[in-house]
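One structure below.
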Amino acid sequence: MSPMIDIQLIAAVTAAACAIPGVFLVLRKMALISDAISHSILPGIVIGFFITHDLASPWLIIFAAFSGIITVVLVELIQKTGLVKEDTAIGLVFPALFSIGVILIAQNANDVHLDVDAVLLGDLVYAPFDRLIIDNADFGPKGLWTISVILVITLVLLFAFYKELKISTFDVGLSSALGFSPVILHYGLMSVASVTTVAAFDAVGAILVVAMMITPAAAAYLLTTDLRKMLILSVLFGVGSAIGGYWFARWLDASISGSITTVLGLLFLLIYLFAPSKGLIAVLFRQSRQRIEVSLLTFLLHLNNHDSENERRVAHLQEHINWRKVKANSVLQLAEKNNMITIDNQIVSLTDKGLEFTEKALDYIITNKDEKIEDMKDDFFLFRG
Amino acid sequence: MDITQYFTDYTLRTITLGTAVLGAICGMLGSFAVLRKQSLLGDAISHAALPGIAVAFLITGAKDSNVLLLGALVSGLIGVFWIRGITTKTHLKTDTALGLILSLFFGFGMLLLTYIQKQPNANQAGLDKYLFGQAATLVESDVLLMVIVTGISLLVMLLFWKEFKLLLFDKNYAMTLGFNTKFIDGLISFFIVLAIVIGLQTVGVVLMSAMLLAPAAAARQWTNSLSTMVILAAIFGAFSGVFGTAISASQNNLSTGPVIVLVAAIFVIVSFLFSPERGIIFKQIRLIKNRRDLQLKKTLYFMYDIVRDHDDISRPHAIRILNSFQGFTKKTLSKLEEKNWITIQGQNWSMTEDGFETAANLYNNNLPES
C-alpha cells in the first residue's frame, strides 16, 4: 500500500474512533474533559518514555491513559471540595500537569527525542513509515493497528453497553434506580476517551483530538436528536472530514492535522448556519416570526379592549401601541390577510374569527395552560404555511 | 546567580517586570472570569487567537509584535462572539461551544502556520514562540505595552466597578435597573481577551488559561469581598510571575511559562489547604471539633437519663455503669468535669445542677445558645 492510502486510512479510522466517545462527551456536557485529557497525557508520556526508552512501546499508551484518568480524578476531587466550580477545576488541573510535562522534556532535552510540538500537532506524514514487522513480513503501519484495535474495542463496548450508556446519559436518576452504576459507566467512558486520545494524539496531535471528538458530535447534534442517528452521522462527518482534509493539505502543502481541523470547522460552520430546525438561520427566522405573532396578538387584544370608533382608527392605533409605521402596517396587513379584522373607512374592527381568536388567547393568558394554545396554533396561524 | 545580579541584569529585570505586570493584570481580570463561571473561556480564547497572529503575519509580512497581537485580539474576539452565538442560538452547551472554538481555531491557526513556513520568506521564523511563549524575548517596548494595557483596564475597572459587580452577582437586577447589560458584558469579555492576548508572547497559547485562573481561584479562598479578591489575585499573579522568572533564570533548560504556571498552582494548593474560612484543613478541624462536641453531649444526656429517676440529682454513680454506653473515655469525663457539668470522686461521678439543666435543655431549640 502506498503511504498516501495509509495516511488516509489512519486519519479516517482515528476520526471514527474519536467520534464515538465524543458523542457521549457532548451529550454529557463534558466536552472540555477531552481538552484537559489531551493536554495532561504529556507527563504520562514523558515518564513512560523515561522508563521504557521506547517511543513505540505500548506501555507509553498505558502510562499516558493513566495520567488522563488521573486528570479526571483530580478534577472531580477539587470539585468535590466545593472550593471552586467544575470548569475552574478543569482549568487548574490540566495546565499544571502540562507544565510538568514540558519541564520534564526541557530538563532532559538531550536524551529525549520527544518534541512538545509533535505532541500538540502530531505527525501524520511520518505515521506510514513506522511499520509493524513480524518475521520480516510487513503488516502495515503500527499507528493504523493501534487505532484500529482501539476502534474495535470502542465498538464492542458501545454495542455491549449501548442501553446503559443511553439511559445514564439522559437520565442519571433512572439509570441508578435501575441498578447501573453511574460511577462505573462514567469512568468507563473516561477510560475509553483517555485511551483513544492517547492513541490518536500520536497520529494527529492533542488539539486535533479535541476537534475530532467534539466537532462531529456537535454538528450531528444540530441535525438530529436520535442517539443512533447522531452516532452514525458523527462517524460519517469525522471520516469525511479526515479524507477531505488530507486532500486539502496536499493541495496547500500544509499540516494534515491542521487542514483536517479546518475542514471540520467549515463543515460545522455550514451546519451551524443551515441546519433545518436548529441552525442559526432557522432560529433567527423562527424568532422573527414569533415576534410578529406576538405583535399580532397584542394588536388584537388591544382592539378587543376598545369599543369606541375613535380608539380604533388606524392612525390612532399606531400611536397607541407605540409601534413604528412600517411595523404597524405589516401587522395590520397580516391580520387582514387572515380575516381577523376588517378595515372600513380607516376604522379597524374585529371579525368573528378574530374575536374568537382573541378570546381564546385571553383564556390562555389567564389560565396559562399549555393545552389551550396548542389548537390555537393550528387554527389560526395560517400565515405560517 | 546572586541577588545583586538579579537587580542589575537588564534583560532579567525587563522580563521580571513584564511577567509581574502580566501576572497582576491576569489575576485582576481573571477574578471576573472565575466568578462569571467562564473559567475556560480564557483557554478557548487563547487558542482562538492563533489564526489571528498567522493572518496578521500573512497580510503585513512583518514580525512587529504589536501588529501580530492586534490580529490575535481580532480573532480572539471573533471566537468570543461565535461562542456566544452558539450558546444562545442553538441547543449546544457552553462546554461544547468552548471546545469547538478552541480546537477549530487552533487547528486553522496551525494550518496557516505550516503554510507560512513553506513560504519563501526568511521572516517567518519565531512565530511559534506564541505557542509556548518565550519570556526571554520580552523587550522594553513589550513591557511598556503591558503597563499601558494594565493601566487602561484598571481605569475602566474602577470606572465601571459598580456595574461590573452588579452584573457579576445579579444580572437580572442590573437589567431591571436599566443598565445596558450587553455592553457591560461585552466590556468585561473585551478586557479578558485583551489580557490573554498580551500574555501570549510570554506564556504561550496553551498555558495562558492557567495564568488567568490560578491567581483568581487562589484569591477566592481567602475572602468573600470582590475588591479584596481582585487585589489579592493581582498580588498572587504578580508574585507568580516574579518567582517563576527567578526560578527559571536560576537553572538551565527551564522555560519560564510552565514554571510561572506551576508557581501559581502552588499558590492555589496552599490556599485550598490553609485558608482559614474555606480551607480543607481548617474545615476538617472544625468537623472533628463538632463531632467531639456532639459526642460529649451524648454522654451527658446518657448520664441525665440515669440521674433523672432519682430525687437527688447529685447522688454519685459508679463510672462502671457507663460501660454500656460506648461514647465515653477518661478524656470526655474530665472534659465534662471541666465544664462543671459533673463532678468525679474516685470511681464515682455525680451530676451537678448545671449539668442537669444543660442536659434537660439539650434538645430544646428554643433556648438561646449557651
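Each residue, glycine too, has its Cβ placed from N, Cα and C.
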Which one of these stretches, A:174-193, A:314-333, shows up in TrEMBL as transmembrane segment?
A:174-193
Going along the chain, which residues at least six beyond the ends of the transmembrane segment (A:90-109) come within the CB cut-off of under 8 Å?
32-33, 35-37, 39-40, 42-43, 45-47, 50, 67, 71, 74-75, 78, 84, 115-116
Taking the transmembrane segment (A:59-78) as the first stretch and the transmembrane segment (A:230-249) as the second, find out whether 3 or more Cβ pairs fall under 8 Å, excluding pairs closer than 6 in sequence.
no
Counting Cβ pairs under 8 Å that are 6 or more apart in sequence, does the total for the transmembrane segment (A:36-53) and the transmembrane segment (A:230-249) reach three or more?
no
Do the transmembrane segment (A:255-275) and the transmembrane segment (A:199-223) come together with 3 or more C-beta pairs under 8 Å, pairs six or more apart in sequence?
yes
Checking distant contacts: for the transmembrane segment (A:174-193), what same-chain residues at least six beyond its ends satisfy Cβ-Cβ under 8 A?
21, 24-25, 28, 33-34, 37, 65, 68-69, 72, 153-154, 157, 161, 164-165, 167-168, 213
